[in-house]
Amino acid sequence: MDKHLGVADEPTPETAIDQPRRGSIVDTDKTQWDRLWPVIACGAGLFSDGYLNGVIGSVSTMLATIYPDQYARSPAQSNVSAITFAGTVVGQLFFGWTSDHWSRKWSLFISTIIVILFAILGCASYGAGGSVPGLFAALTAYRFFLGIGIGGEYPAGSVACAESTGELKSGTRNRWFVLFTNVQIDFGFVVAAIVPMIVVLATGENHLRAAWRICLGLGFLPPLSLLWLRYKLKEPESFKRGTMSKTKTPWGLVIKFYWYRLLIVSTIWFIYDFSSYSFGLLSSQLLTNLLGTNSKLWVSFGWNTLLNLFYMPGCIFGSFLSDWIGPRNALGYSVLLQAVVGFIMAGTYSYLARPEYVGAFVVVYGVFIALGECGPGDNIGLVASKTSATAIRGQYYGIAAATGKIGAFVGSKVLILMYDNYYNAGETVKAGQYPFLISSALCVVSGLLALFLLPHIGQDTIDEEDAKFKAYLGANGYDVSKMGLGESTENIVEKADVKEGL
């Protein structure tokens with residue numbers, strides 16, 4: 001499936017190479033640090049996504065303890081947890097467009113400002129006159145706008161990160177992308193599990209009103225630490241060469257060339273986020289119910305911390321695996337193994353869901369999480385950022401990522417409501433079994449889509465995809481000479497010209 005479905009006149013790599021082009025983006029005189037720090041600056045902001053989305057599960061547990069009637073038995077619990085996903089979709093689509101048609105750097109910088117501002121406002125949420133429903137309404141609104149800022153991290157930050165890795169040494173590019181995108185998200189989840197435990201221990205369970213605000217307020221520090229680096233960024237080399245920001249985008253040709261590939265990538269991302277974010281929100285509640293009402297809240301958070309630690313070995317090993325066997329195989333085989341573990345989890349849930357077996361529950365659940373991060377967690381963003389040309393990469397990535405967040409929103413509604421309904425009806429085994437059964441069945445679908453319908457992604461895919469796309473546009477009458485910013489690049493080695501003696 002390396003070809004684009006429905007494109008009869010797609011150029012081959014050989015014919016694309018014959019097109020007039022500049023040298024590879026690797027061929028500059030930049031130092032290793034000059035090549036690496038933009039990767040860090042562009043990608044590391046996704047830590048905020050992991051932390052701010054992860055910590056809301058524990059914050060929601062605190063709010064349900066403080067306000068058992070106004071919060072736990074009202075739509076507020078679902079809205080506060082899920083509304084960020086809606087804002088993220090808006091941010092991904094909007095900043096996907098601006099990152100292609102305006103600037104990768106400034107789209108990313110503005111989204112960082114939004115995250116900082118609304119992380120602070122979320123921690124300071126207050127209802128008029130001390131109104132509790134007003135407090136929840138304010139928190140919900142701020143979480144929505146926070147999501148818009150987080151959304152910008154995907155098409156602007158991750159895309160610029162992927163383009164910057166193209167300047168790194170071949171054989172290491174995938175791992176560097178993963179280490180500063182998905183590993184950052186997962187590390188955010190881990191910290192989001194540790195912080196509530198420490199804060200609740202420090203404040204005491206009689207001061208949860210302060211504890212939940214502290215947990216949310218700490219979310220503004222990571223993006224603030226990156227603000228200066230992002231201000232100093234320059235546009236990635238491939239963006240300077242391949243953008244259509246100064247010319248008209250031929251949408252008919254773009255859709256014809258990429259529609260099928262985008263559909264597959266978006267479907268896989270939808271499935272991954274459907275279960276990943278839902279289980280992230282559910283884990284704290286699930287453990288609290290498993291341990292029983294007599295358990296201290298910080299004990300539940302402690303087990304949740306241990307559970308979230310399984311994210312790290314999965315995503316770190318997966319970053320190397322994507323270089324060793326390629327993103328397509330790493331994604332497909334890992335998610336099929338995840339499905340197997342999920343079915344085992346569902347089948348043995350009646351034994352695992354006992355307080356005396358909480359350790360076994362956390363280990364099996366943790367392996368399930370680790371395999372998900374090793375496969376689609378690490379590789380779906382990598383696939384989305386490298387299966388399209390630079391000119392439309394932000395919008396392509398934004399659409400795929402937004403579809404994933406829609407999956408997260410749907411999953412957080414469906415799986416959590418399913419769990420709550422069965423649990424409240426006294427059917428505690430079914431409450432835990434069904435989310436794992438649904439998620440595992442979807443993992444099988446995701447694995448098959450990846451292995452049979454995704455294209456091969458190599459170390460030089462960004463260069464190759466740009467060359468094929470330009471050749472395709474040129475063959476269909478589009479003036480490719482208008483692409484790019486028209487800026488001179490730094491000491492580019494014009495290899496094609498050298499070979500011809502020019």
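Yeah, the Cβs are placed from backbone N, Cα and C, and that goes for glycine too.
Keep in mind that what you see is a predicted model, and the values were worked out from it rather than measured.
These features come from TrEMBL:
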type	residues	note
DOMAIN	38-458	domain 'Major facilitator superfamily (MFS) profile'
REGION	1-23	region 'Disordered'
TRANSMEM	106-128	transmembrane segment
TRANSMEM	177-204	transmembrane segment
TRANSMEM	210-229	transmembrane segment
TRANSMEM	250-272	transmembrane segment
TRANSMEM	297-318	transmembrane segment
TRANSMEM	330-351	transmembrane segment
TRANSMEM	357-375	transmembrane segment
TRANSMEM	396-416	transmembrane segment
TRANSMEM	436-454	transmembrane segment
Taking 106-128, 210-229, 250-272, 357-375 as candidates, which has the most Cβ pairs under 8 Å with the transmembrane segment (436-454)?
250-272
Chain residues outside the transmembrane segment (177-204) and at least six past its termini with a C-beta under 8 angstroms from it:
39-40, 42-55, 57-59, 62, 158, 161-162, 165, 210-211, 214-215, 218, 222, 280, 284, 297-298, 301-302, 304-305, 307-309, 311-312, 314-316, 318-319, 322, 373, 377-379, 381-382, 385
Predicted model, mean pLDDT over the domain 'Major facilitator superfamily (MFS) profile' (38-458):
89
Result, the transmembrane segment (250-272) in contact with the transmembrane segment (396-416) (3+ CB pairs under 8 Å):
yes
Under 8 Å for C-beta pairs, could you tell me which stretch among 210-229, 250-272, 297-318, 330-351, 357-375 has the largest tally with the transmembrane segment (106-128)?
210-229
What same-chain residues lie close to the transmembrane segment (297-318): Cβ under 8 Å, and 6 or more beyond its ends?
54, 58, 61-62, 65, 178-179, 182-183, 186-187, 189-190, 192-194, 196-197, 200-201, 205, 208, 283-284, 287-288, 291, 330, 334, 358, 362, 365-367, 369-375, 377-379
